[in-house]
Every structure is written in C-alpha cells, then in structure tokens.
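Peer 1: In case it's useful when we look at the structure, here is the feature table from TrEMBL:
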type	residues	note
TRANSMEM	16-37	transmembrane segment
DOMAIN	18-440	domain 'Ammonium transporter AmtB-like'
TRANSMEM	49-72	transmembrane segment
TRANSMEM	99-119	transmembrane segment
TRANSMEM	126-147	transmembrane segment
TRANSMEM	167-189	transmembrane segment
TRANSMEM	210-228	transmembrane segment
TRANSMEM	307-327	transmembrane segment
TRANSMEM	339-357	transmembrane segment
TRANSMEM	385-413	transmembrane segment
Amino acid sequence: MEISWEESVTYSINTIYLLFSAYLVFIMQLGFAMLCAGSVRAKNAMNIMLTNVVDAVVGSISYYLFGFAFAFGDTSNPFIGTNFFALKDVPNTSFDYSFFLYQWAFAIAVAGITSGSIAERTQFSAYLVFSFFLSGFVYPVVAHWVWSSSGWLTAGSSNPLFASGAIDFAGSGVVHMVGAVAGLWGSLIEGPRVGRFDAFGKPMPMRGHNATLVVLGTFLLWFGWFGFNPGSFDKILVAYPSTTNQGNWTAIGRTAVTTTLAGSTAGIVTLFGRRLLVGHWDALDVCNGVLGGFVAITSGCSVVEPWAAIVCGFFAAWVLIGLNILAVRLNFDDPLEATQLHGGCGAWGLIFTGLFAKHEFVVQAYDSGDTSVVRPYGLFMGGGWGLLGCQVIELLVIVSWVSATMGPVFYALHRLRILRISADEEIAGLDISSHGGYAYNAHHDEDQPRFYADYMRMQDQS
C-alpha cells in the first residue's frame, strides 16, 4: 500500500528524531567510560576503559542475535518474545531499523552499570560472559514485560494490569535497577577490594584518580539523557486531538525540563548534604547526586509536572546518601556506587511515579492525548492505588528476576575461579597484570612495576 507524501514526511521526521535520540543515548557510553575511568585508581584505568568497550561490542552482538527478539518479538506472549531473532522480518509494520538501534543503545547501557559495581577486582573473561548474558537475555525479558505491547506489566496494553500497567517510561527499573541488582550480586559474591576495609571493618579511603574525567563524564551523561528520556516517545510528530497546538513535541520539551530539574535538585541537595556530613565541598559526590536525580526521574519524566521533578530529585539525593552510608557500615564495596545510585534511586523513581503521575500527561504519553481515556494515575494526584500497585510489583519482580538469573551466573563464575583476580594481581593493578601496562606513563604507585614484563619477572622471583 502506497503512503501519501504527508505520511512519508511525517515518517521521515519521526525516524530522524528517533535516530538522533539513539545517537545521544550511545554518547552516554562515552560518559560512562570517562566516569568509570576517573572513579577507579590509575592502575586500573586501562581495564575499566576496556570493559566499557567490551560491554558495547559484546552487547551489540547478543542484542542483535537474541535480545531484541526477547524484548519485542511475538505480540501474544506476555513473558518473552519469540521472533525477530537476528532481525529476521525487520523492518515490518511495527518496527524498523531505527527502533532497533535506539533499543540497542539502552541494552548496552545496562551492562555498563554492572561493570562499575565490580570494578578493580574482576577477571576480564568474566566481563565477556555476564555482559553477553545480561544484554542478550536478562534485560530483554524485563523490557518485554514493561515496554512490549504484549508485556504483562506494560501500560500500553489494551487490558493493562490493575487497569493501569507500570509506568517506567525510560527505564528507572527496566534499565537502571536491572544493571544495579546484577552489580549487587557481583559485588557481594566477589567481596570488597583488597584494602577497602581494615581488619576491624573500618573503611579505608580508596578514591578515584581523576576528578576531571568524572566531571566531564557526568556532563556527557547529562547530554545523553536528553536522548534517553525525551527520546523514549519514539515519535515527535503526534498531535493531541483535544488541543490546537500541542502534541508529542510539547511533552518531549516538558520531559527534557523535568529531567534537568530532577538532576539539578539532586546535585545541589547532595552538595549541601555531604558538606554537612564530611565537612567539605565534594565535586565527585555532587556528580553522583546529579546522576541519581536523573535515574530517579527516568521512570516518570513524561508524566509529572516540573515542580514534582524537584521533589523527585530532593529525595533521590537523600536515598543515595543514606544507601552509601549503609553500604559502608555493611562493608559493601561498589567503586562507582552503582548499586546504590542506579538501584536505590531507580527504585525511588518507580515509587515516585506511582505517587505523582498526572492523568493528563499519562494520557498524552500512552494514549496520544485522547482525553476520553480514563486510567489510574498518581496516588497523591487523586488517581488511586492502581498505578502505585503496578510500580511496586515492577520493583519486586525486577529484583527477583535479576537475582534469580544473574546471582547464579556470578556464583558459577566464582566457583569456576574465573570471577575474581588474585590478591597479587589486584595489588599490582589490572592494567599491568592483565592488559600489558598502565594507561599513563606516570603512576602514583611508583614502587609498582611499570610494564607487563616487569610484573611477570616479579612473579617468577616470588
């Protein structure tokens, strides 16, 4: 069937918008890489940069072969997709290549979150295994539940759970909690880094080596989030029938505003909160606070008022601060605070959406502005308990599913002795023991070997 010139123009503009959003989300990989590199010690910089590359390239293959099919295949199966493997029968009336590329950019971000949790002490081969499994199976199943039109939790279904479905617009749960829970199990099974806690359990300082990379990485992630959240509308040229001048372009602009306000609020609250706790202004803590605000608003970015985004960011900051304090007391070691940031703030984001989602905006995001549609919305906005119930269910099933899948994977890697490096290798640094040499010519640990050959010579002597 031929399409009209007007339809072809609309389709072209929507495709350009989605592709541009995909490129923005992919830029987040650069932000992740810089943030990770700056947050670890110099002797592990090469390793963490390589793992970020591996997350992208391995995730690309696994998502192409299996992931996209599990996430968006078979519109009749509420648990998992069963077609479109290796993009067979794509493009079609539902999906084209631009949609795949956009969803792929999300998939590879998940493994990056997990990599941060287990940084500085993990064998490189383990990254290959868990990255492939996480991007190709664990994450896509959750995406199918919440984002596929046939998923049992989706808000876009014709018969959604509790007449509502879960609203996780851009993935506070689907993306961030999945990566964080996987990282939680990896960190627990591996244990803390050598020297992170003394013999009495007292935490020892182990700061990253480059604050510049952390700050620049944060700004790149901020930039990419404008593709992550507003881009999740998929189409920009959708007019709302009850208005004369509003459409998805209006909601997209509002989503960018709520994203900015939540991140900014969380950043400034973290700045002053940490100042009260530690006695100085800490740029690195502020960067994590900003990211925590972004993670939290990602669920409800399209369905809340700008003032509500400020509320979201305020509490996200305290969630992050509180979980970091708890992690230290429990001797839990996550070099990038990824579990606390993406897991804790992601969970808060799901609950926040169930409390503050506005009916008008929910209809815009999920029913193209059709005001005749009535559905549950935020509890504090007068919308009842239906939406909040779905949000809590999403939170619980994500924790359960990722724990049931990734927990055994990390445990099996541990039992096979291919998860954690030896203490000697960790003390020397992964760069010298596994990757041929340090990322920098100068290194603050001057008593350590400079090249791989020197390291091997020391091993032979011992």
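Here the Cβ of each residue, glycine as well, is placed from N, Cα and C on the backbone.
TrEMBL labels come from automatic prediction, so no person has curated them.
I'd like to know what surrounds each of these features in this structure.
Peer 2: Beyond the ends of the transmembrane segment (167-189), by six or more residues, the same chain brings 106, 109-118, 122, 130, 134, 138-139, 142-143, 146-147, 155, 228-229, 231-232, 295-303, 332-334, 338-339, 341-347, 349-350, 353-354, 357, 362, 365-366, 387, 390-391, 394-395, 398-399, 402-403, 406-407, 410-411, 414, 419 to within a C-beta distance below 8 angstroms of the stretch.
Within the chain, the transmembrane segment (210-228) has long-range Cβ neighbours (under 8 A, six or more residues past its boundaries) at 20-28, 30-39, 42, 45, 105-106, 170-171, 256, 259, 263, 283-284, 287, 290-291, 294, 298.
Note on the transmembrane segment (385-413): residues 114, 126, 129-130, 133-134, 137-138, 141-142, 145-146, 153, 155, 160-168, 173-174, 177-178, 181-182, 185-186, 189-190, 299, 347, 350-351, 353-355, 357, 376-379, 419 of its chain, located 6 or more positions outside it, place their CB under 8 angstroms from a CB of the stretch.
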Peer 1: Using Cβ atoms and a strict cutoff of less than 8 Å, what residues sit near the transmembrane segment (307-327) while being 6 or more residues removed from its termini?
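Peer 2: Contacts of the transmembrane segment (307-327) (Cβ under 8 Å, skipping residues fewer than 6 from its ends): 257-259, 261-267, 269-270, 273-274, 277, 288-289, 292-293, 295-297, 300-301, 333-334, 337, 339-341, 343-345, 348-349, 352, 356, 358.
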Peer 1: Would you mind listing the long-range same-chain contacts of the transmembrane segment (339-357), meaning Cβ under 8 Å and 6+ residues beyond its ends?
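Peer 2: Distant Cβ neighbours of the transmembrane segment (339-357) are 113, 117, 166-168, 172-173, 176-177, 179-181, 183-184, 187, 266, 288, 291-293, 295-300, 303-305, 308, 311-312, 315-316, 319-320, 323-324, 327, 332, 377-381, 383, 387-392, 394-395.
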Peer 1: Need a quick answer: max count of Cβ pairs under 8 Å to the transmembrane segment (16-37), which of 49-72, 99-119, 126-147 is it?
Peer 2: 99-119
